[in-house]
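Q: First the structure, which I've put down as structure tokens, then a few questions once you've had a look.
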Amino acid sequence: MPSATSTNGANGNGNGNGASASPAPGNLSANDNIRRFAAPSRPLSPLPAHALFNEKTRCFVYGLQPRAVQGMLDFDFICKRSTPSVAGIIYTFGGQFVSKMYWGTSETLLPVYQEVQKAIAKHPDVDVVVNFASSRSVYSSTMELMEHPQIKTIAIIAEGVPERRAREIAYVAKKKGITIIGPATVGGIKPGCFKIGNTGGMMDNIVASKLYRKGSVGYVSKSGGMSNELNNIISQTTDGVYEGVAIGGDRYPGTTFIDHLLRYQADPACKILVLLGEVGGVEEYKVIEAVKQGIITKPIVAWAIGTCASMFKTEVQFGHAGAFANSQLETAATKNKSMREAGFYVPDTFEDMPALLKQVYDKLVADGTIVPAPEPVVPKIPIDYSWAQELGLIRKPAAFISTISDDRGQELLYAGMPISDVFREEIGIGGVMSLLWFRRRLPDYAAKFLEMVLMLTADHGPAVSGAMNTIITTRAGKDLISSLVAGLLTIGSRFGGALDGAAEEFTKAFDKGLSPREFVDTMRKQNKLIPGIGHRVKSRNNPDLRVELVKEYVKAKFPSSKLLDYALAVETVTTSKKDNLILNVDGCIAVCFVDLLRNCGAFSTEEAEDYLSMGVLNGLFVLGRSIGLIAHYLDQKRLRTGLYRHPWDDITYLLPSLQQPGPPGTEGRVEVQI
């Protein structure tokens, strides 16, 4: 299975994003626009104790989250990583396959594994998992992941994880030395290195917040949404974010403020700490104690959200499960006061936080603690075609045009008519055909005529060629579609396909002003049979009742039946020669349909001619006869009939006889004696 780690540092795209130029054996060719990354042969070197991520961090994404994965790969690309941060996807329901993603403007394939064990064995360099499992299954999946010593960090995105389960996960993780971020978190980000899931928002926001390169400020918050605001504030007032983590809003997060701030304290590249707490819980006091004891010495800019809670007469539950003060100690106002007294940089309001942060940053720049790095070139953002089209940035000609139906909105439309109106107005099958076939509502009598044609052509017994083909195919054990198609493929000029020809010939003669006898004589001189005239069984004395039904309906309902009258006059001429040269059902339907197109008021003359030339009449026969062919399939299946073999006594065998050797050059010739 393809993997997604770099084979070399080759710059395959001009952006410093290394990838292999040649495909692995057995894969597609090198010009298929697929970016390939070979699997590593050994695990990466362990990170320092204070670091969770670096520019080589690799992870699994647990759960099928293509948008989040694509966001992570886009972040990797603009950070100029040599390989994607996502090594593979673990999806326990779908089997093992590959998922196609973009690496810049090229495509790459990410393996999808059904089992954690297989994924772990295949990728020894992975030590992070972004777990998108639901609140119902996140406990079991996280416990399974923690059984593998290779995994060092797990981000749990799901909200609503039972508190007992969350505490158990945190307990086991602490024993095993695993860092848990979450539950109920958007994740975290280390600019220029790695981002968890949807952290940082869309790519334009990530670029605006300068998260594609490292800064000097490390922050920790509960809220994922507010972490995005911190990214924005820090990018505008300092040299940018060094690392940011949202620990999650539940009451029992896997790691707390102090865990991450101690990491930042130990990291020499992180110069300023930012703590964004909130009402509820006492985790901020652990940080206060660490500052008082001199464990944390770096400057901390801090604020606890929720000071407005004191304005309410009763305690208020804010958005997070943990945002509820059970005592005065847990209120935001008390926390802010305590942090200020401990030496934190605490603004008077959250709105004052950017100015205070800039003040602290400028001070560290002035004393040389922070040396701002030159600003790199802003990377180009690969943008999805669908997003660019939605923004109106691009246009392209459509590959297909459809004028009959639209499923893009809330309700399906048939030629502009909502499907609910189709049923509310009870337009029936004929009405639906008028919308989809002709893109307009036809009069009720016309829709009824269409339904009548379908009913009349639905079946004509098992002896006709179409039904026989379907029956034989069914008895050979084939499926419904194969058996139906076998019958439909017999429809043509000799079986069921006379409708278009009859409409063409009768219309041409009528429009030329030929009398019925002149029309018959002309066809005879051309050695042509008249389509729609003649029947193998029915005759003038044994009429086809289907034809009688059509004639009766058309005479009663149609505003004009000139072509039908002309065809009946032709029938008078032909039956005078032979009794079975009657106007058959194909011919009758054809001429009546022409009368409908020309006289119902819904079509212009040109439109009527166009629909006839398109083959719409044969379409009526195909649609109607499909009903009967499916019926024959079901009938044979119901009867459990076996494979059909034609009897010998119904076949005349006429075999060729080989002559004695003749003159040179005649070898191999055979003569059939009949």
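From the backbone N, Cα and C atoms, a Cβ is placed for every residue, glycine too.
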Q: For the record in Swiss-Prot, which of the ranges 1-26, 235-260 is the region 'Disordered' one?
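A: Range annotated as region 'Disordered' by Swiss-Prot: 1-26.
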Q: Return the member of LEU261, GLU278, VAL279, ALA333 nearest to MET339 (CoA binding site) in space, with distance defined Cα to Cα and candidates limited to these binding-site residues.
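A: For MET339 (CoA binding site), the closest Cα among LEU261, GLU278, VAL279, ALA333 is found at ALA333.
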Q: Ranking the binding-site residues ASP267, GLU278, GLU341 by other Cβ atoms within 10 Å, which is at the bottom?
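A: Each of the binding-site residues ASP267, GLU278, GLU341 was scored; lowest Cβ tally within 10 Å is GLU341.
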Q: Give me the CA-CA distance between TYR345 (CoA binding site) and LEU273 (ATP binding site), in Å, as a whole number.
A: 10
Q: So among the binding-site residues LEU261, MET339, who's got the most Cβ atoms within 10 Å?
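A: Neighbour-count leader: LEU261.
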Q: State the Cα to Cα distance, in Å, between ASP267 (ATP binding site) and GLU278 (Mg(2+) binding site), rounded to an integer.
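A: Counting only the Cα atoms, the answer is 25 Å.
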Q: When you measure from the Cβ of ALA333 (ATP binding site), how many other Cβ atoms are you left with inside 10 Å?
A: 16
Q: I'd like the number of other C-beta atoms within 10 A of the C-beta of GLY343 (CoA binding site), please.
A: 13
Q: Could you tell me which three-state DSSP class GLU341 (CoA binding site) falls into?
A: helix
